[in-house]
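According to TrEMBL, the features are:
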TRANSMEM  25-48  transmembrane segment
TRANSMEM  60-78  transmembrane segment
TRANSMEM  98-119  transmembrane segment
TRANSMEM  131-151  transmembrane segment
TRANSMEM  242-263  transmembrane segment
TRANSMEM  284-306  transmembrane segment
TRANSMEM  326-349  transmembrane segment
TRANSMEM  370-391  transmembrane segment
TRANSMEM  476-494  transmembrane segment
TRANSMEM  514-531  transmembrane segment
Amino acid sequence: MGFSNPWSRGPPSSPISPAHHGGGWLLSGIICINILILGCALVSASASNSVAITAVHQQIFLIILILLTMLWMLFYTVVTSRKDQAVLFKDSHAGPVWLRVGLVLFGLLSLLMDIFKIANYVGYLHCDSAVKVAFPVVQAVFLVVQTYFLWIHAKDCVQLHTNFTRCGLTLTLSTNLVVWMAAVTEESIHQTEIPDLNFTIHSWSLLRGKKNSIGLSISASFGDKKCKCSHSVCDTFKEAYYYLYPFNIEYSLFASAMAYIMWKNVGRLVEDHSHHNVEFRPKDVCLGPLMGILLVVTGLVTFIVYEVYILEEEEEEKKRNMALLIHFIMNIVIVSLMSLSAMIGCIFYRLDRREHVSEKNPTRSLDMGLLVGASMGQFIISYFTIVAEVATGARGYLNALNLAWAVLTVLQLGLQNYFIIEGLHREPFHVMQEAALHTNAHAFQEHVEMSIVMETNKSSYFPTSSFVKPSWKRRVLKEVCAFLLLSNIILWIMPAFGARPQFDHPTEMQFYKFTMWAAIVNIGLPFGIFYRMHSVASLFEVYLIS
């Protein structure tokens, strides 16, 4: 069963006229920057447990942003997009189907998170602000409206109301980024906040195991400790929605990326070219998916063991050390195999005769920027770990494993970035085949028999045909892509759902002190988690065009 890729680049969409850059670009950029800075200030202030600025003030600000964004989306859908000559062109690279399906999936899980939040906060209405119930209600409506809007209009290159549209899109972009910042901050504090910094590092793991019962999260601290839930399932709903935070975080980033591409496409004139769809055929590969699935299953088992053992009581320190040992070894195995696979892929690119893509489009440029930018988060954590371990001598097997993991992660990130970027810059194989076919068409016409063969088996020259078997070079590249894709999934799952060896292993906390190390991890880790998810999307794209 084929899966068509809307980003396949056939003959590329080429600009037929430069878009007019009016004052709307500058105005929309100023709006975006101001909203982001103000949002960052409010999120940071509310995270500091300040009496003057609380989570309620932050949520009021987000409600205003969300309502304004939905009003603009309604105006665009009802007025702008329905006018004649409004959307004359579509960017075939923007809003691929896998991205929109991912948006819907993450949106549904985020909607479930908001439902759990509402059920939880309703229990505190008698003694806490109603804003905490209103915010998830408004956000749930926003999820539905925005998901519909992006599904329908992600490819639009709008030509009317351009300045107003640019401002609306940057409002959408900044709203999603502020929501993302708020979610990341709340989830990070839920994982790492402690009531008293003057405790011994040795007791951190024990405290981490008990934090859910003592209410360390911003959202769990309802101001007054005497405020009790009016129903018995508050704690259940609270635990449930925290497990859904990773999906809400990814949804906001997906929506931000799609809004940015729409902003870049405002006023853009593109010439549509028909092109052949690239099929997703799993039967082209075997070894890569099998090894990847094995790593995912093994990683899930070790992750569950890690989460169970790390929360043991203080007298079970041996179990926690065993959990760290298993976790470090598993991650070392994963990044080592990924490094080897990416290196093989890079070698095969050197043997690849496909030309580099000369076309420039905002979607591909954003892909590269997000890939490199997001990887900086994991680079930062790894290098800080390397410095701390080397400076302290890396004594003991856990420190040695932690150092090895950090070094191998740096190597793996570099090789994978090179592999993905090089793959995205290459012309798809079917484009090269079609070009060769058209170039040599006259040679076939000289021989009647060859002409008949070409006419009879014409479809076999195109990748959409089920009769084409990829060459061994293509198969190797596809195997590498499939393996790296699945490996990145397990490396996303573990930190996204609570694995925090950076806090369970004390070396870095002792070296940098808790406050500084918590800031490093809480800034770098969300980007590292997004990097893994974005790598999955990029590797899927490389797989399709290989």
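Numbering starts at 1 and runs along the chain as it is shown here.
In case you wondered, yes, glycine gets a Cβ from its N, Cα and C as well.
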One stretch in 25-48, 60-78, 131-151, 476-494, 514-531 has more Cβ pairs under 8 Å to the transmembrane segment (98-119) than the rest, namely 131-151
Long-range Cβ contacts under 8 Å made by the transmembrane segment (476-494), restricted to residues 6 or more beyond its ends, are 284-289, 291-293, 295-296, 299-300, 303, 327, 331, 334-335, 337-338, 341-342, 344-345, 348-349, 352, 416, 419, 423, 470, 529, 532-533, 535-536, 539-540, 542-543, 546
Lying 6 or more residues past either end of the transmembrane segment (242-263) yet within Cβ distance under 8 Å of it, the residues of that chain are 28, 91, 94-95, 99, 102-103, 105-107, 109-110, 112-113, 116, 143, 146, 150, 153-154, 156, 166, 169-170, 172-173, 176-177, 179-180, 183-184, 186-187, 190, 217, 362-363, 366, 370, 496-497, 526, 529-530, 533
Exercise for the section: Please work out whether the transmembrane segment (131-151) lies in contact with the transmembrane segment (60-78), by counting C-beta pairs under 8 angstroms that are 6 or more apart in sequence and asking whether there are at least 3. Expected result: yes
